[in-house]
Amino acid sequence: MTQAHDQLVPVPDAAVAGTSCTLEQYREMYGRSIEDPHGFWLKQAQRLNWVAPPTRVGDWSFDPVRINWFADGTLNICFNAVDRHVNAGRGEDIALIFEPDDPVADVRKLTYAQLLEEVVRMAGTLLRMGVAKGDRVTIYMPMTIEGVVAMLACARIGAIHSVVFGGFSPDAIAGRIEDCASDWVICADEGLRGAKRIPLKANVDAALKKVSVRGVLVVRHTGGEIDMTEGRDHWYHELSQGVPAECPCVTMNAEDPLFILYTSGSTGKPKGVLHTTGGYAVWTETTFRYVFDYRAGEIYWCTADIGWVTGHSYIVYGPLQNGATALIFEGVPNYPEHDRFWRIVDKHKVAILYTAPTAIRALMREGDDWVTRHDLSSLRLLGSVGEPINPEAWRWYRDVVGKSRVPVVDTWWQTETGGVMITTLPGAHAMKPGSAGRPFFGIRPQIVDNEGKVLADEDKNVAAEGNLCITASWPGQARTVYGDHDRFVQTYFSHYKGKYFTGDGCRRDGDGYYWITGRVDDVINVSGHRMGTAEVESALVLHEKVSEAAVVGYPHDIKGQGIYCYVTLKAGEEPDDDLARELRNWVRTEIGPIASPDHIQFTPALPKTRSGKIMRRILRKIAEDDYGSLGDTSTLADPSLVDGLIAGRKNR
Ligand code: PRX
């Protein structure tokens, strides 16, 4: 990645540049957010509707770890996302536009007033089923209006939602249900992705052979054949008959849990990252407002799935709290053809498009014609999220999609941060292709070396490269790992005492721009999806023929990183292509299609130190085709192994 200053792309013409914040305003507001967080966040919080407005703001410590925001305030985030717009006379504004997988099927538009009706119906149905405040509700839904409604309905009655992405397997669903002792599931009969049917209810049935729940609410979507278990499963359209026309919002303390979202780490099973109500509400409302510079009446489209944090914060809570019109799309970028995204932008006159580098790269590869045949003049802002964007893809996105005239925001953040942390603001900052930009209000990044020595700080304007930490809490920060606070402390606050460690490597240039270089732990980023290598390894060794496995990431043109697995077999087992295929399918079944290994290399043994530790550094280098810099291999128990590994890699 270049850091040359000549790469600076200026703030676009006033006609399209953001109006939410100029550079002077950014400096002034950022300064205030750091010097007087209390006054700053209290003011931002005033845009929300509180039952009891908070008088306290951030009350936190990173050593010991204790994080509270707005702790004496009470509110309901569903009220802020839906009811208050209706109460303020904006009930006829469009809240959601549903673009189905099938391009000729009906588009559905829902006003805020209609959204309120739908949420009230779903909330009433959940209450009828027996769901109570504080209960965990697992949501396994396709990208439909009902998926969003399910989340808001939980928030309305104070239930904690745990959305599981539709690409996860029955085992993964079961693990998540068990971990948070979720008694309830909301799912659809099936989902659709590029005309393929995703057997959501059947997957839930399979998961529920391993764990049990009290009730499953099933939304009819495709009308496909499914099994219903008497006493446990309820059709939504039946159970919702005659529910009361009103369902008041439960008053929540700002620190009452809002949702759990499972994410991968470098060790063990996925962690249930817990977000609470008030701080998350303020954080998503404020970041959406400033980063996307939304203007009334515009169509905003985030292509993420509600199964990921991007969907939570920037399809549901951020846009809706701002009264925006959000488009949701059930399908995939290349169905029925490679211009589906651009067709949608043209058809709905999308003004703001927020997507992932992996999609940009995949569409770029198909050529410009797919883009240029559509009228994309409605676009006013482009956003990127989920992984580092290579400057080439950035330029294509801006020049071919954005016709070189619109701002691009490259937003760096994480499931744990709740919302955008580092980004340029559209009317304030010149852009650098490949750099996320500058810290958002209240964010104090710091770059440290492996020993914790501070290399660069926001208030010391120096260039440096190292590990990215954040030194002060912000309203949207995750509060804990559900049921395992020690793991929360261990994962994020033990590497560098008193700091939140992001797990990302980062370079800060002389202009104070941050360049995320990727994960520095054993987490890989595959198509913007976070995957723990340990998870894939655990899945592989569950196979009866596998003795040991080591999984690493390697550069992949489209996905960013691919999943590379080194596998040793039990004595007497013969490696061949059929077994490689079988293992690939095995991992798909154990974790889900998103964890499909890209490559399996059989090896008689894994390179280990004399004390038995797998030398991942060497495996990473070999997977990267980088044999020149393997470093010292003399500490290996069996240095001769390396030649065999290299030969195996070259043969693939
Ligand atoms: O490595 C960073 C990468 O994605 C990780 C967070 O993944 P997840 O929790 O699934 O959330 C993804 C959506 C917010 C980070 O640790 N990442 C995310 N955004 C960027 C990024 N890397 C570089 N540039 C980004 N804009």
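Each residue, glycine too, has its Cβ placed from N, Cα and C.
When TrEMBL records Gly386, Glu387, Pro388, Asp410, Thr411, Trp412, Trp413, Gln414, Thr415, Arg519, Arg530 as binding ATP, the matching candidate from Asp368, Asp369, Asp504 it lists for that site is Asp504. Secondary structure at Thr411 (ATP binding site), as computed by DSSP, is strand.
Listed in sequence order, the recorded positions from Arg519, Val541, His543, Val546, Lys613 having a Cα within 10 Å of the Cα of Thr310 (CoA binding site) amount to none.
Fewest other C-beta atoms within 10 Å: among the recorded positions Arg519, His543, Arg588, Lys613, that description fits Lys613. Least crowded of the binding-site residues (Thr310, Thr411, Ser527), judged by neighbouring Cβ atoms within 10 Å of its own Cβ: Ser527. Among the recorded positions listed (Asn334, Ser527, Val541, Arg588, Lys613), none has a CB atom closer than 6 Å to any atom of ligand 1.
Its Cβ taken as reference, Val546 (Mg(2+) binding site) is surrounded by 21 other Cβ atoms within 10 Å in the chains shown.
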